[in-house]
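J.: Take this structure first; my questions come after.
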Amino acid sequence: MNNFSQENNLNKKNLLKLLIEKSYKKGNFILASGKESAHYLNCKPVSLNGKGLQLISNLFLELMDPSSKAVAGLTLGADPLVSGVILTAASKGLLLDALIIRKETKEYGTKAGLEGPTLKEETVVTVLEDVVTTAGSAIKAIKKLRENNFIVKEVLSIVDRKEGGYEALKEHNIQLKSLFSIEDFLMNNVQN
């Protein structure tokens, strides 16, 4: 359990309400991991909402390892997250950079796999994710960052589905910190 400031404890409650309202569905779904699930979480309706992104960004910023100098994530789910966190950090006088990791390296121009400012080697970067199931997307992001000589210690996610992602990241010496787990949605007797 994460210990947040009093303000962010309220932010967390408000974020859960928004996620339940806009992001959570019951039914039969195939997830990005290929797994079948009776529960679907698409955080984009919340991360692409001004209030939702503000709540996520404040919580992530408080949760993030203070040694991190940048945030990064795999496009598309992480795009609003990295932007929101660096903007929130700047509003508090903290300077962070953001990197967006392409799913496929560009085949033209600079053939970049990462988009963003040029950072020094061994910069500590925190990976941001919306939902972690098996951590496949996060591991892809971590590998790309490590190939570029960055240090990754942690992944922050909005939701951990508790389907092996934590353990998979641990095998890569990465800590997973999540705002919520799937149990938070199940315990709230969501009727969607």
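A Cβ is built for glycine as well, from the same backbone N, Cα and C atoms used for every other residue.
So Swiss-Prot has the following annotated:
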- ARG102, LYS103, LYS106, GLU129, ASP130, VAL131, VAL132, THR133, THR134, ALA135, GLY136, SER137: 5-phospho-alpha-D-ribose 1-diphosphate binding site (BINDING)
- THR133, ARG161: orotate binding site (BINDING)
J.: Go through ARG102, ARG161, our binding-site residues, and report the one whose Cβ sees the most other Cβ atoms within 10 Å.
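T.: Result of the Cβ crowding comparison: ARG161.
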J.: If you draw a 10 Å sphere on the Cβ of GLY136 (5-phospho-alpha-D-ribose 1-diphosphate binding site), how many other Cβ atoms land inside?
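T.: Total other Cβ atoms inside 10 Å, all chains included: 16.
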J.: Between the Cα atoms of THR133 (orotate binding site) and ARG102 (5-phospho-alpha-D-ribose 1-diphosphate binding site), what distance do you get, rounded to the nearest Å?
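T.: Between the alpha carbons of THR133 (orotate binding site) and ARG102 (5-phospho-alpha-D-ribose 1-diphosphate binding site) there are 20 Å.
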J.: For ASP130 (5-phospho-alpha-D-ribose 1-diphosphate binding site), write down the residues of its own chain that are at least 6 apart in sequence and whose Cβ falls under 8 Å from its Cβ; none is a fine answer.
T.: LEU41, CYS43, LYS44, SER47, GLY77, ALA78, LEU81, SER157, ILE158, VAL159
J.: Among the binding-site residues ARG102, VAL132, GLY136, report those whose Cα falls within 10 Å of that of ARG161 (orotate binding site); none is a fine answer.
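T.: Final answer, ordered: VAL132.
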